[in-house]
């Protein structure tokens, strides 16, 4: 099983790669997208080279055609390419050199050229070439069950998050008293989570809905658009978290300044920077690395997306430290009214919890190679990551005292209105 890091991000999708037969047709030159695809691409590349050698030898024979002097032509046996030889000669090849797949073995596989053709490989590939142990079990059924369970968990997580986020946006939009710059920023932040969850479902439906799909060589406009949309949503998600941190710091620095003047700068940061970054990434991929479905994490061009995310996390961490320092000064200050202190505390509790929660594990995993800590990475990025939207809605909306008070006030007004209507109907019936 492999993991589409969805561009290195805190989401990755489960991939169960089917067996892809090696055809004798011309093979697309694509780069490894997933760890399992590296095996397929390796054999495709070796087969393509062997077939090219066979075609060249058909035009310029390397074995002289003389009576009584026969030989074995170049042959591809599905694993290795055996060069043309005369009868009585033998040839030896090493095991396929695929990192993290086959163990380094000094064993050689030999084949003899006989009058009836090439002999069988000796020893057989399956005994000479030992596979690397991946994980704690080689049982494919248990591995498949594990990833199916993982997919069910993150699907449930994203569904729960989307429902909570839509409800939170509805609450902020319906109640006029909740219309302010702070809640407008929250709505944009919620929207970025909705885009992120939607992008995961879209990517899964296009790339991973059917096991018969050739994930390794899939390359079309639809799948590239899905990956591009996913990258954009993840970038927007991190940059709106950055906006939340910047807004909190601005609120602490400029207590008596209207924050409406900054809203367009916040929108420019939250949506504009991801748009510019993704456009640069698309142009770069089209120009220099237009291979596969663009969901590979082996390409160096992934840093066009990854670097801005790491930058946003780093800046947020600095804001995190600075806000703690300023908050201690503000709370201890006698010049700040009680209402402002309560406002600081409400927003600070939510934002300071989210900044380390969203970025710390990503910073840690970014420093290690992709094949290290796969189980922990999957757990954090798939299962826990899918519930982040629900946590955001919970902190900024459902547990917000201002929101709860407004809901109670409107609920009381609605009950009074309903009671008044019932009384009027009963009075009309009595007078009639």
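Keep in mind that glycine also has a Cβ here, set from the backbone N, Cα and C atoms.
Note that the coordinates shown come from a computational prediction; the quantities given were computed from them, not determined experimentally.
Look at TrEMBL and you will find 49-133 tagged as domain 'G-protein coupled receptors family 2 profile 1'. Per TrEMBL, the feature domain 'G-protein coupled receptors family 2 profile 2' maps to 150-400. Annotated transmembrane segment per TrEMBL: 152-175, 187-209, 229-251, 263-283, 303-324, 351-372, 378-399, in sequence order.
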Do at least three C-beta pairs under 8 angstroms join the transmembrane segment (229-251) to the transmembrane segment (303-324), pairs 6 or more apart in sequence? yes
Close approaches to the transmembrane segment (187-209) from elsewhere in its chain (Cβ under 8 angstroms; 6 or more beyond its ends): 4, 6, 11, 13-16, 151, 154-155, 158, 161-162, 165-166, 168-169, 172-173, 215, 218, 222-223, 226-227, 229-230, 232-234, 236-237, 239-241, 243-244, 266-267, 270-271, 293, 295, 386, 388-389, 392-393, 396
Given the transmembrane segment (152-175), its same-chain partners at Cβ distance under 8 Å and 6+ residues beyond its ends are 11, 183, 186-187, 190-191, 193-194, 197-198, 200-201, 382-383, 385-390, 392-394, 396-398, 403, 406-407, 410
Could you tell me the mean pLDDT over the domain 'G-protein coupled receptors family 2 profile 1' (49-133), as a whole number? 80
Take the domain 'G-protein coupled receptors family 2 profile 1' (49-133) and count its residues per DSSP category (helix H/G/I, strand E/B, coil), listing them in that order. 15 helix, 27 strand, 43 coil
